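Engineer: After the structure tokens below, expect a handful of questions from me.
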Amino acid sequence: MSHQSLVKSLAVLSLSGLLLAACSDTEAPELTDENTEQTDVNDESNTDSSSEEPSTTLSQNMLDWVPMIEDTEYVYEGEGAEGASYTVYPQFTHSDTMQLVQSTSGTDMVKVYEYTENEVREVFLRGETYFRDDIVDTGLTTGQDTFDILLQSPIEKGHSWESPSGSVSEITGTNVAVETPTGNYEAIEVTRKLNDSTTVLYYAPEVGLVQTISDPDSDMTVTSTLSKIQEDTAEEIPLTVYELNEMATALTKADATMKLNTNDPARIQLTEILNGSTGDMTIPSLTENVEINYMYLGNDGIVHVDFSEEITEMQAGSGIESLLLQSIVNTIGGLYQADEVLLTVETEPYSSGHILLEEGQTMKVDQSVVE
């Protein structure tokens, strides 16, 4: 080998050695926390997917768990308290609300449920309510500034929420077996706590509430269980009607019943009772051509009722006309448990040849003319 070739070979070997030394001095890249977490997540995901058993998919549609029913009465049988047995009937439904009346042996309570995409809220609650108004339309309030969220998505075990009322609810079970006289259901279990009280509610798909257990761990447990679903039925509202006596000198009382389906306004059937079409009155207070345009209880505690103009065409003297008007006021005031009625004709004050009411003047329920 020539001297020149030898020098070139040594130069190449020296350069290779330097490169190898540089590579050995370079540190290996460290794994960051992010890399580690991602690896753990992937490992965990792979483990879960391989071992998880198939589960039933739960509907996230609120209407499946709290359905808007019509013309159907739910009957609940109770244990542990007098008010544990009750019935529920849907009075009015709208696109996003449902008004119910819950009736026990002692009282009627009206509720309004409001539906959104991800929850159902109880936004109106009024006890001792024996009349039927569409609360969403009339705007009646109760001074209630808080409400309960009955159900909220996601519908899955462990999901919890707090209501403006202060109650805290949690879905504590899914596909829970519940036996009732109406059938066996796989329900979701919602546990609601408020102060020292606990209520467990069971909702079945396409049926709704099938069982309620209050304070299940105490000695005062109260249970309400769905026992009957009565379809194609009407709500019955008892009514005391007042009419002229045979001598037209005073008023007498008679019992009647309004039978109303879902979304039926009470004013239509009340008109039929007052004009004698139903046979409940011997001497009708209205003629057959009179209509009630609207009727509702205002937040002022006064019943507002507006008649068609034919009501002023009574063929009677002033004394009888006065008694006929009083019979109407007593009947309507009694239905609403109100003391005053604002009676108008086509939105104007009542005015006939004998009687003239001023703007805003009300008539009071008067039992002194009843024999």
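Cβ coordinates come from backbone N, Cα and C, glycine included.
What TrEMBL records for this protein is below:
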COMPBIAS  28-46  compositional bias 'Acidic residues'
COMPBIAS  47-59  compositional bias 'Low complexity'
DOMAIN    266-354  domain 'GerMN'
REGION    28-63  region 'Disordered'
SIGNAL    1-21  signal peptide
Engineer: Per DSSP, what is the residue count of the domain 'GerMN' (266-354) in each of helix, strand and coil?
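Structural biologist: So the counts come to 33 helix, 20 strand, 36 coil.
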Engineer: Give the mean pLDDT for the domain 'GerMN' (266-354) on the 0 to 100 scale.
Structural biologist: 95
